[in-house]
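Here's the structure we're looking at; comments come further down.
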Amino acid sequence: MVTATNLGFGRIGIKRQLKFLVEKYWNGKVTYDELIEGSKNLRAAHWTAQKEAGIADGHIPSNDFSYYDHVLDNSFMIGAIPERYQKLDIVPVERYFAMARGYQRDDIDVQAMEMKKWYDTNYHFIVPELVENQEFKLAYKVKAVDEFLEAKELGIKTRPVLQGPITYLLQAKVKGVDASFNNLTHFVPRIIPVYVEILKRLADAGAEWIQFDESYLVMDIVNEKYTKEIIQNAYQTVYKAFKEAVPSLKFLIATYFDKVDSNIEFVEAIANEIDGLHIDLVRAPQQLQPVVEKVKSFSKKIVLSVGVIDGRNIWKTDLSKAIKTVQVAIDALGSENVFVAPSCSLLHVPHTLSTEENIKNNSPEVYDWLSFAVEKLDEISTVAKAVNGENVSEKLEANQKSINNRSTSPLIHKPEVKEAVKNVTPEMLTRGTPFAERIVAQQKILNLPKFPTTTIGSYPQSKEVRLTRQKFRKGEITKEEYDQFIKDETLRCIKKQEEYGLDVIVHGEFERTDMVEFFGEKMEGYIFSQFGWVQSYGSRCVKPPILYGDIVRPQPMTVEMIKYAQTCTEKPVKGMLTGPVTILQWSFVRDDQPRSTTAYQLALAIRKEVKDLEEAGIKVIQVDEAALREGLPLRKADQDNYLQWAIDTFLLATCCVKPTTQVHTHMCYSDFNDIFTSIKRMDTDAITIENSRSDLKLLNAFKQYGYTNGIGPGMYDIHSPRVPSYEEILERARETLKYIDSELLWINPDCGLKTRGWAEVEPSLKNLVQVAVTLRKEN
Ligand code: MET
Ligand SMILES: [Zn+2]
């Protein structure tokens, strides 16, 4: 019998209950007990949904829940708590949140830990931070065990999910060591005992299968420092120790988001210690044959968990195809050695389609093509039933109908859009004039001081803004009233910026709920869910719009607003657009054509908008490519191809303006070293980057590769509520000047301010501008 399994489930709840609960706790509006109680209810609901959908007992994940992030949970559970948080005289839950968000009270001021994107998703994890003589010790409450017992009490047997130790260690950064420091050799012996303790307790509690997320196995992990021998040794040491200590447990090694490829050697090296391997066959279907062959050749029989249901997208699975894939594994390994699974944790898709009344009523055809997490659970169980010989023919027929309908629907295909993409020429992808000439021409018009100051775009989406929008949506106020409110907010925001002394002004983005949804709503080819939330970081969720068809921009999207904003000030106002690669990356997109084709369609729409803004007299236009880096394929061999079309996409969107129009972009990430030549090829007049939670050394790349255009590395972290002091920003700016030419440096925060309150924004920006004033005197 093939088993229906799951790798992980979202934690926020259908209506983002967890978000509101956690935020209320932060604001002192609910107690710790209420936080615990509320979370418990959510977990119970999620486990029950999985059980009811037919996920097998023992294969419903637990410990996939988190108040903030599951990697942070792991650090907390094994005592990898940096000293600056240990020192704080606060209760554990406060310490946990201090690690995630920083801590500021009275005269205590501690920064948050570094946050990074989880592989190529828009989920962010908290990077483990270790020291050379790190000691690992079990927390007083062991979350993985507590959650297992909690589910058990509900009559549900779960499969606890743990961060695979090797992956955990490779993801960690170590303070105060040089580049030759080897995380594996150094920490493996130290980390084993604490994991063994957890495993023992899980075994005592009655666990059978343990899922180790060894996601690093899909990366190019072997290099000079981490040689094959070192990695293999680490895997063997760890899993041998685990098996010896708790022989009763079964271990599933889970990989996802890409192919395992040659790293299968490391799995082979521990084949006797483990009991199963999960592979992603949606992202990397080509790995089925080679992995099956390899697993078959292992001396011990292990289970292959085949990820055939897309955990990263919202389309119905073609069940007949999935069944064929599963059958290949069954034929080679026997049905008792096959699990049916989603490609990765369902954390990355929204909860359920069943609450999506709007799509159902307004776009019934598209509704029929969709499948969210709960519906995917049903797909998993249907596939398992089908291969187990149960009669599910009705479901399969209905599925085939939806699949066929989608592939031929005229809703999707617009000949004129396909034609426009075909007609793109190389001339459309270049500014024509070099930066050195452009900047002179631009300065004649803009006349900016040295170290120009600006912000990334959004300003606080205050309660009032959100409430007024809600009122408008409910029809409680008229469109005129709403528009007037937004205009007033914009005017006030611009006056504030003038007061702070910022040089390049933004309108504040009050009319936008989300930087992608806003544009999606104005283009044809998109639909929107009501509750399609997925977690981005901590309590922050995003609701990716659904791009289902060829893209058309019927009319200007931002021009009226920006024109109005420019009438409010003498200073230049930046036109603010979301870039095509980011729109692509942060939407659920079609899986029926290459991503590059969809990207080009989006680029042509944005290009029209850029042109219209210029014609409306806007002198500075920012096209945000916040997510360009996160779309980078995990495997090096695939990266060049992506970067080629992604940068072309950006160029297509922006290279339609006169040399005098200043083009900015903004990117959110810190690891830009590996895409440096591509950043250069974007040839923007200024780029602002999120850099403040990471090491300044990263900026070395800009020096090393001779970056010649304007650049604004974030001077402080906007993801944390703490207010950076003048001294702190000044020090950061001075450090930055060691790497960046003073003629090129912009002074700005590291991202948009919409998640912050004015009480934080005001002092922060005043300090920021003061720093620019000081720098102008010093340089
Ligand atoms: C996530 S990047 C955000 C860019 C956008 N312009 C903003 O300021 O919010
Ligand atoms: Zn950003």
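For all residues, glycine too, the Cβ spot is worked out from N, Cα and C.
Within Asp310, Asp612, Asp624, the residue that TrEMBL lists together with Ile456, Gly457, Ser458 for binding L-homocysteine is Asp624. The Zn(2+) site recorded in TrEMBL comprises His666, Cys668, Cys751 together with one of Glu690, Glu727, Glu728, Glu731, namely Glu690. In TrEMBL, the 5-methyltetrahydropteroyltri-L-glutamate site is described by Lys19, Asn122, Arg540, Cys541, and among Trp209, Trp586, Trp645 the residue recorded at this site is Trp586. Between the binding-site residues Ile456, Cys668, Ile456 has the most other Cβ atoms inside 10 Å of its own Cβ, all protein chains included. Ligand 2 lies within reach of Cys751 from the binding-site residues Lys19, Asn122, Ser458, Trp586, Asp624, Cys751, judged by a C-beta closer than 6 angstroms to any of its atoms. Each residue contributes its Cα atom, and for Glu690 (Zn(2+) binding site) and Asn122 (5-methyltetrahydropteroyltri-L-glutamate binding site) these two points are 15 Å apart.
Distance noted between the C-alpha atoms of Arg540 (5-methyltetrahydropteroyltri-L-glutamate binding site) and Cys668 (Zn(2+) binding site) is 15 Å. Close to ligand 1, meaning a Cβ under 6 Å from one of its atoms, are these of the recorded positions Lys19, Gly457, Ser458, Asp624, His719: Gly457, Ser458, Asp624. Mean model confidence for the domain 'Cobalamin-independent methionine synthase MetE C-terminal/archaeal' (451-772) is a pLDDT of 95. Listed in sequence order, the binding-site residues from Lys19, Asn122, Cys541, Trp586, Cys751 having a Cα within 10 Å of the Cα of Ile456 (L-homocysteine binding site) are Cys751.
For the recorded site, Glu690 (Zn(2+) binding site), the DSSP three-state label reads coil. A Cβ within 8 Å of the Cβ centre of Ile456, Gly457, Ser458, Asp624, the residues given for L-homocysteine, is found for these other residues of the same chain: Thr455, Val506, Glu509, Met515, Met576, Gln622, His666, Cys751, Gly752, Lys754.
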